[in-house]
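Per TrEMBL, these features apply:
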DOMAIN    12-443  domain 'Major facilitator superfamily (MFS) profile'
TRANSMEM  12-34  transmembrane segment
TRANSMEM  54-71  transmembrane segment
TRANSMEM  83-101  transmembrane segment
TRANSMEM  107-127  transmembrane segment
TRANSMEM  139-164  transmembrane segment
TRANSMEM  170-193  transmembrane segment
TRANSMEM  254-276  transmembrane segment
TRANSMEM  288-307  transmembrane segment
TRANSMEM  319-343  transmembrane segment
TRANSMEM  355-378  transmembrane segment
TRANSMEM  390-412  transmembrane segment
TRANSMEM  418-439  transmembrane segment
Amino acid sequence: MFQDLSFFVIKIIVACCLGSLTYGFSSGVAGTVSGLPSFIDYFDYESNANKADAFNGLFSGGGLLGCLLAGHFSEQFGRKRAIFITCMISILGSIIMTASVNIAMLFVARFIAGVSIGMIVFLVPLWQTEIAPASVRGLLVGMHGTMNIAGYSICNWVNVGLYFCSNVNAQWRVTLALQMVWPLALAICIWWMPESPRWLIEHGKVDEAREVMKHLESELNDDQFSHMVYQIENENQHSSWSSLFTVKPYRKRLIIGFLTMFAGQATGTLVVTNYTPTLCKSLHFDSLMQLILSAAYISTGVVYNFVCALMMDYVGRKTLLIVGIFGSGVISIMGELIMVALFSGSDNKAANAAGVFFIFFHIVFYGGCVDANTYVYATEIWPTHIRSKGAALSTSGLFIGLLVFTTGVTSALNHIQWRYFLIFIILSLINCIIIFFYFPETKGLTLEEIGKLFGEDPDITDNKLLFIEGTHESTNLKDERVAVQVKEKDSYSP
């Protein structure tokens, strides 16, 4: 597997990981600083549950807007420039949030941060998908999920360390300030990285794309490159936003991509993550132990996300999704709500230990089968010419899920308590059934071959191809001389 990795590819993946760390760290801020007594006192957070819900809701709403904007930016300006714009927005949000002196300023900054995170969570796997060799695409794009939760983990352990800081305001301001480290590093590195070769082809820069592909694929031959050029050019006629809903293969992709991202959130994972301190408090753990358990929980997720990235190219995306959603959204949530329902506020050590077990049980299945997997699957199913639009709408499922499940969660936990988690059990069962019957398996296929799973033109994806040298007349490729591949077929007309 690793023989397909060149230093050039590894360098790009490392740069992409900075974007993933940006997403993870900024997302983790809500669950970390909101549990600090100094933060609660400064913003009078505890007096009104709506403040906590608004803090989460604004971030999710900004994320939804960001992923839709990123679809346009990445298509218009290219993947690299779009990522740089995202970094600048993220740094701006971090500065305002760190300097916040009132709740209104904090909320504005949180929305701006959400916009940048919505962009980065879409752009990074998009870029990774388009440069990764097919045999290791699951591993490389899966690193986005791994480094995302690594950002969460760093944020949580920083929070544990700052718990002992004598300057109470520094406890949360330092954490907020550290949000800008990762996007700043990425903004600097991005200019030494190549543009996506598939985006270059789509915009008529074939020679430049060929040079990038030579670095990405050491054994690239003319046939493979010609196939990619020909497919991108032939499909480019259906690249409008409306075609996502009117063209049948795209509509199926949209449903699958959206459900993939939404189903991940429907396991209740962010509620469990952000409210682990609260859950631990209800099980009678002290403040420091709540923070330590929360950080340990996230760190476990880092390990299992990497395991997921390794397994995707062997086990397959679909199987992992079903196993992970059932384990994290059904079994672990059932166990946790039973412990909370029966032993909330109790000093029963066995019950407390069981409650902690089910919290960790959740991250083992979610991290080990779902998290990294969703970013890979929801991006790779789209053809190049419409991937930026399709992946953007697919990613919107993530933020719509966040809006639905985290906005109002504080009030829900206060009023209906453990019963709120029944929603996740029911939805996870439904999603497992849908995935089993409706989702195709994409393991080991090139991005160009995946189209056949959605009933697209077999002339483009069939392996029995005749190589023809010639000039391909095209409004997009202009006068570029390219090699094209066509199926040997009497009815073919170029």
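Note that Cβ sites are derived from N, Cα and C of the backbone, with glycine treated the same way.
Source: prediction; values computed, not measured.
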Interface present between the transmembrane segment (12-34) and the transmembrane segment (390-412) (three or more C-beta pairs under 8 A):
no
Average the per-residue pLDDT over the domain 'Major facilitator superfamily (MFS) profile' (12-443) and send me the rounded value.
83
What stretch of 12-34, 54-71, 83-101, 319-343 shows the most Cβ pairs under 8 Å to the transmembrane segment (288-307)?
12-34
Within-chain partners of the transmembrane segment (83-101) [C-beta distance under 8 Å, separation at least 6 from its ends]:
19, 22, 26, 66, 70, 73, 77, 108-117, 119-120, 123-124, 127, 173, 176-177, 179-180, 183-184, 186-187, 190-191
Per Cβ pairs under 8 Å, the stretch of 12-34, 170-193, 355-378 packing most closely against the transmembrane segment (254-276):
355-378
For the transmembrane segment (418-439), which partner among 12-34, 170-193, 319-343, 355-378 gives the most CB pairs under 8 Å?
319-343
Intrachain residues whose Cβ lies under 8 Å of the transmembrane segment (12-34), provided they are six or more past its termini:
40, 45, 52, 55-56, 59, 83, 86-87, 90, 93-94, 113, 116-117, 120-121, 123-124, 127-128, 131, 140, 143-156, 158-159, 171-172, 175-176, 178-179, 182-183, 185-186, 189-190, 192-194, 270, 273-277, 291, 294, 298
